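A.B. asks: If you scroll down you'll find the structure; I have some questions about it.
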Amino acid sequence: MGKRINRQSVVTLLGVLLVYAIVQGSILMDILPPFIALTLIQVCIFIILSTSLNLINGITGQFSIGHAGFMAIGAYMAAIVVVKFQGPLMLALLAGALVSALAGFLIGLPTLRLKGDYLAIATLGFGEIVRIIFLNMEYVGGASGFSVPKTITWTWAFWLMVISVIIIRNFIYSTHGRACISIRENEIAADVMGINTTKYKIMAFTIGAFFAGLAGGIYANYLYIIQPLTFSFLKSFDILVMVVLGGLGSLTGSILGAVVMTVVSAALSGWPEWRLVITAILLIVMMIFRPKGLLGTKEFSLSFLGKKGEKNASSKD
Amino acid sequence: MPLLKIEKLSKSFGGLKAVSNLNIEINEGELIGLIGPNGAGKTTAFNLLTGVYEQSEGKILFQDKDMRGLKPYHVTQRGMARTFQNIRLFSDLSVIDNVKIAYHQRSSYGVFSAFLRLPSYYAGEEEMQQKAMELLKIFNLDHKAEEIAKNLPYGEQRRLEIARALGTEPKLLLLDEPAAGMNPQETHDLMNLIRWIREKFKLTILLIEHDMSLVMGVCERIYVLDYGMIIAQGAPDEIKSNPKVIEAYLGEEVV
């Protein structure tokens, strides 16, 4: 640490700008096939979802599989603001994220007393409850779905994703983030070191839910229609697979996982019946060769690209 | 006024009384030993003190305040820190992060300055980094600050655990078998370290120990626990010659 700006962050910023410019340029020149544009925006949505889930599962070590539930709350809330109240997009997204965060807080209070499998079951149940509630709400279209005008552009999706990742990263690399990590490492020791473990579990859960809600809002305002079925537990598993594939506890891993899984799914869209099979094979192969995920708990950095013997030449100062 | 006063403390697990009718008084600046054979209830007593277990009966007064029902993190915030018999470091984190986590409760910036990296974030992190480095220097671990804690040799892990406990800036330090698994030389160094940190940090220390040379060497007063009850207390010399203690440790036949 020390210096606020180092080579790593400059290169990252340049990379981010480059990706944005290339895609935006090809959209403006009208040479980007719509299917690829759709995939790219889905990548952005899934990056927000996987990094926020990683905050709960990988960083804080609380096994949650109800992320689609929070996504649904954000999606429906944002859709309601836009369609029923003609609110601006920004307000809709914020409302979706905040209501989802509130839900995360309220659900976190009782369920985070549970550990391991029990927490997983409780969050899974929560996700399904949310879905069933929307399924039975005529106000938002029930099973037939809720149509929302498409207002999200590449610019919106991309920069909201970048901001989300930066905020989550800033949280993780702060004393509050370290408090969350200490819970994952050894809950008893964390407690005895003066860390209010319940508070930080709920905080991680709430922040994770906030960004899942944001991702849901982006989703709703891009895909014309949202249906309860979209937010089934399979969606939660998709997000979980991305996090595990990239490496629990690695933010860059989650980004990588989201990119890989979304691209693989998109590439297999012609053979939907094979998608789950391929996913399963991918996971089995990974479990054999890289049981801790593509990046493990490490972060991808410039020094990764350097020679193997050279240790952290760039990221240390 | 004693710093810590334990009155008639009891803890039962079902029908088993792990600790019964425990009375201990510790004054500020003292170095007290708590010894006893295996299963005597020493660690249970520590767990009661630090809020890991809830007491069945009795009273714990720390700085004249009742500690009943406080959660472990609350106990630590009140100024009581501990180490564990089986080391509980954050083993996959770096040495310095282990210490920084202990400083967390006194961290100066909030979650929103963390999100947005406001100036208070940088100031707070800088301060923590400095404090943590200073503490590591004292324990001669500063050159290993970036190493992963589980890769340290055993003796250094013990030292790091003590350093981490001191990071919470306690008044009373509870050491649970700090010399467990150490060779005589390491134990000797540890003895000096314990004496020295007491002076340096103006600490009061309560330690549980099996190693008699350590206990007799550093402690000013000793409580002997057997079957959850105090069977003797006093200066090391008195304890050494106390028949009850010898009986508890060596069995009746010897006496």
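A Cβ is built for glycine as well, from the same backbone N, Cα and C atoms used for every other residue.
All annotation found in TrEMBL is predicted automatically rather than curated by experts.
According to TrEMBL:
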{"type": "TRANSMEM", "residues": "A:35-56", "note": "transmembrane segment"}
{"type": "TRANSMEM", "residues": "A:63-83", "note": "transmembrane segment"}
{"type": "TRANSMEM", "residues": "A:89-109", "note": "transmembrane segment"}
{"type": "TRANSMEM", "residues": "A:116-134", "note": "transmembrane segment"}
{"type": "TRANSMEM", "residues": "A:154-172", "note": "transmembrane segment"}
{"type": "TRANSMEM", "residues": "A:202-227", "note": "transmembrane segment"}
{"type": "TRANSMEM", "residues": "A:239-264", "note": "transmembrane segment"}
{"type": "TRANSMEM", "residues": "A:276-295", "note": "transmembrane segment"}
A.B. asks: Residues sitting near the transmembrane segment (A:63-83): Cβ under 8 Å, six or more positions beyond its termini, same chain?
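C.D. replies: For the transmembrane segment (A:63-83), the sequence-distant neighbours (Cβ-Cβ under 8 Å, at least 6 residues beyond its ends) are 49, 52-53, 56-57, 89, 91-93, 95-97, 99-100, 103-104, 107, 116-117, 119-120, 122-131, 134, 140, 146-149, 151, 205, 208-209, 212-217, 219-221, 226, 228, 230-237, 239-240.
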A.B. asks: Under 8 angstroms, Cβ to Cβ: which one of A:35-56, A:89-109, A:116-134, A:154-172, A:202-227 has the largest number of such pairs with the transmembrane segment (A:239-264)?
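C.D. replies: It is A:35-56 that shares the most Cβ pairs under 8 Å with the transmembrane segment (A:239-264).
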A.B. asks: Of the listed stretches (A:35-56, A:89-109, A:116-134, A:154-172), which one yields the highest count of Cβ-Cβ distances below 8 Å with the transmembrane segment (A:202-227)?
C.D. replies: A:89-109
A.B. asks: Which of A:89-109, A:116-134, A:154-172 shares the most C-beta pairs under 8 angstroms with the transmembrane segment (A:35-56)?
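C.D. replies: By Cβ pairs under 8 Å, A:154-172 leads among A:89-109, A:116-134, A:154-172.
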